[in-house]
């Protein structure tokens with residue numbers, strides 16, 4: 001590799017010592033005599049220009065401009081004098097060729113054949129082609145960044161050189177444009193702009209080469225590189241424009257810059273392991289060869305192609321490869337942030353057989369309380385994204401409109417693999433098989449309009465992480481989703497999120513923060529306390545028992561009292577469980593007396609245990625980071641056993657605070673331990689959930705298999721939602737295996753929501769084409785999936801509308817799993833129609849797909865022929881109609897009516913009078929009175945104890 005550096009150096013450095021000779025043709029007496037004759041007579045030999053008349057001093061006589069030259073030449077400043085020079089040069093070169101002499105340069109350029117007024121048509125063509133290549137590369141680069149690659153929360157790319165390359169693209173296109181103009185017609189104005197734009201491009205390219213090669217991220221480093229180069233380039237441009245155009249000197253300056261670029265890239269290529277480095281090697285070597293062509297500067301071949309034209313020709317493929325490398329580089333750097341997966345599909349499949357090491361959980365909360373940002377920390381711990389960008393990526397927000405609106409719209413599943421340490425599991429009392437765990441996590445929406453997505457997520461999970469904003473507290477939707485979870489017998493744990501607001505925004509003291517957190521936890525427990533279930537047990541959450549975490553999802557840190565109890569227990573030599581109890585509630589510690597009390601003694605140093613040992617140490621670390629007091633910070637971190645990387649020590653402000661807190665109190669560690677210790681495994685949860693799930697007798701084979709989570713029992717699988725696939729019109733069936741196992745190629749009985757045991761209505765038999773594990777934005781194919789796990793299946797979408805129960809083909813006596821009960825109803829309706837009548841088939845098919853893609857939306861056709869779409873709210877309808885038009889109708893335009901809300905009335909008490917109505921023939925009379933339904937009747941209908949046909 002090192003030899004390449006010397007080869008390139010040897011090729012390019014020789015250009016520094018080349019002497020740029022004066023144009024020999026200009027000084028030839030015959031050439032000068034020809035011009036003098038032409039400007040006096042308007043003729044060259046026997047050839048005369050009838051429209052050119054000159055005065056004795058050689059200037060053309062006054063006459064209309066259209067008589068001087070044709071319009072297509074005149075606008076390029078071709079006048080009679082330039083006509084004389086051009087034709088004299090051609091005549092003189094013809095004479096030299098007859099004498100066997102080679103061509104010479106005239107006014108700094110080789111004599112080339114003109115084409116309709118274009119001085120160098122080949123160079124013009126390649127300059128234009130280069131402009132097209134730069135525009136294509138520049139545009140496709142930004143299309144890749146903003147349309148295909150993930151963006152940060154502020155919608156900016158992860159690629160840190162985006163702004164630099166935007167400016168580079170503009171410089172490149174500007175240079176190519178003026179190069180084409182200059183080679184069309186060489187006058188003082190075009191030569192100035194060509195030289196200026198060229199040297200500006202080479203100067204800026206050198207700046208970018210240094211910044212990218214040395215990976216300069218901070219503004220100070222970039223300014224130190226750019227400032228002197230910008231100053232030099234600007235000075236050179238001013239010299240060319242205001243002093244004189246020195247073609248030879250300008251070439252030397254440009255070549256020095258090109259040499260510096262080639263050397264910079266070559267050194268970087270020798271050190272990097274970039275997967276697309278071979279593309280940049282082609283550009284570097286090709287650039288060296290193109291530079292050599294410029295140095296050789298050989299005469300034109302047949303008056304058409306010279307070394308300069310070949311220089312432009314070489315640049316065309318190199319430009320394409322360069323932008324291709326830039327796009328690969330953007331992909332590579334973005335991927336380095338997002339794709340550091342530490343596990344494979346095979347490892348996940350192996351853990352799936354360990355039912356005690358699986359946790360199926362949903363993340364639920366009110367809208368904008370930080371579910372997705374907090375989930376990023378769990379995804380980062382599994383190695384799917386880099387820890388540094390956790391909180392910015394929102395990996396589970398897979399739709400473009402989710403990133404745009406900043407809210408979750410569709411529930412998204414992701415399977416995560418973790419290997420826990422022996423130390424972290426030493427106090428775990430439950431059953432487990434080794435230290436490897438599989439977390440099947442579903443991030444659900446928080447907006448009330450998308451409550452059906454939460455219901456679909458809760459049905460196939462056993463635990464829930466309830467996220468509450470510590471400032472806003474328990475909100476309406478928090479209560480709604482929590483009640484849904486408890487109704488499904490889902491065990492909750494709680495995290496008090498956005499704790500960073502207490503330090504950075506509100507600046508609250510420790511006692512005030514404690515009272516705020518206590519109030520949030522009590523409000524959540526009030527809701528949980530209303531659900532008394534002997535099978536589920538006590539579902540309330542308590543910080544001192546480890547079922548409450550305190551987190552800052554945006555900055556990727558969190559803790560439970562267990563984390564601090566372990567820290568102080570080892571430091572002070574006290575029992576961990578006793579220390580944990582003292583970190584919450586009415587426990588106060590006075591450092592002056594070193595005693596614990598149950599009441600505040602009134603001393604200035606006496607503070608609550610949580611404040612003294614948890615809140616204030618965190619506050620001190622954060623304030624030290626934000627105030628950039630690094631001389632105090634490093635000793636503090638050393639005492640805590642926190643080691644920072646060398647490049648992280650250069651960070652400042654929030655960036656430094658985020659990395660310090662992530663390293664000291666990683667959110668993933670606290671949340672994972674809480675989920676593994678306090679959320680049930682499928683083997684445990686299904687023992688008490690079977691009553692909620694199975695519609696048939698609770699002592700039959702299928703109920704027993706579900707209760708025991710038996711992988712060898714009959715297949716019982718519930719599909720809770722359909723997820724659109726990348727193939728237009730196709731869907732994944734996403735659900736949970738409760739018993740048995742589902743495999744690729746297995747024939748299954750599909751029992752729809754309207755299936756009645758013993759009948760054939762809404763019953764189908766179909767083979768599963770493929771079983772996959774859902775991984776957020778991608779899927780991994782596996783051969784089979786055993787019970788206790790979530791799964792997505794391909795090939796069943798034609799037979800499942802929204803949800804269904806799957807069993808083995810021969811299990812004809814199995815009852816289905818109960819249908820889901822939604823907390824909201826589709827009460828907001830709009831009528832839709834095609835803008836173009838020929839798109840009606842697309843609308844009909846699109847409405848079918850829309851109904852399949854959303855658990856709540858209802859699509860109907862009125863008697864009038866109107867197509868009606870009903871949703872839970874206006875936002876829900878807006879999203880549905882957007883999906884309908886863009887995804888399910890291929891962009892065909894639709895017209896929608898104003899939304900209409902369906903109101904319902906009920907009867908509160910028995911009517912005071914009886915009403916009578918007569919039939920049309922007056923022979924029949926119907927008497928009616930209204931009264932409320934008897935208590936329990938609605939529940940009996942919902943539970944299936946009263947069915948159609950019963951009297």
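Our numbering is plain: 1 for the first residue shown, then up by one each step along the chain.
Quick reminder: no glycine exception, Cβ is built from N, Cα and C everywhere.
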When TrEMBL is consulted, the range among 128-146, 223-241, 299-317, 318-336 described as transmembrane segment turns out to be 223-241
Under TrEMBL, which of the candidate ranges 62-85, 86-109, 158-181 is annotated transmembrane segment?
158-181
Pick from 253-272, 353-372: which stretch is listed in TrEMBL under transmembrane segment?
253-272
Matching range for TrEMBL feature annotation, transmembrane segment, among 278-295, 386-403, 404-421
278-295
Stretch carrying transmembrane segment according to TrEMBL (options 41-59, 193-211):
193-211
Any chance you could find the range in 158-181, 193-211, 223-241, 253-272 with the most Cβ pairs under 8 Å to the transmembrane segment (278-295)?
253-272
Comparing 158-181, 223-241, 253-272 for Cβ pairs under 8 Å with the transmembrane segment (193-211), the winner is 158-181
Going along the chain, which residues at least six beyond the ends of the transmembrane segment (158-181) come within the CB cut-off of under 8 Å?
123-124, 127-128, 130-131, 134-135, 137-138, 141-142, 145, 149-152, 190, 193-194, 196-198, 200-201, 204-205, 207-208, 211-212, 217, 312, 319, 326, 329-330, 333-334, 337-338, 389
Need one number: mean pLDDT over the domain 'Tr-type G' (356-683).
86
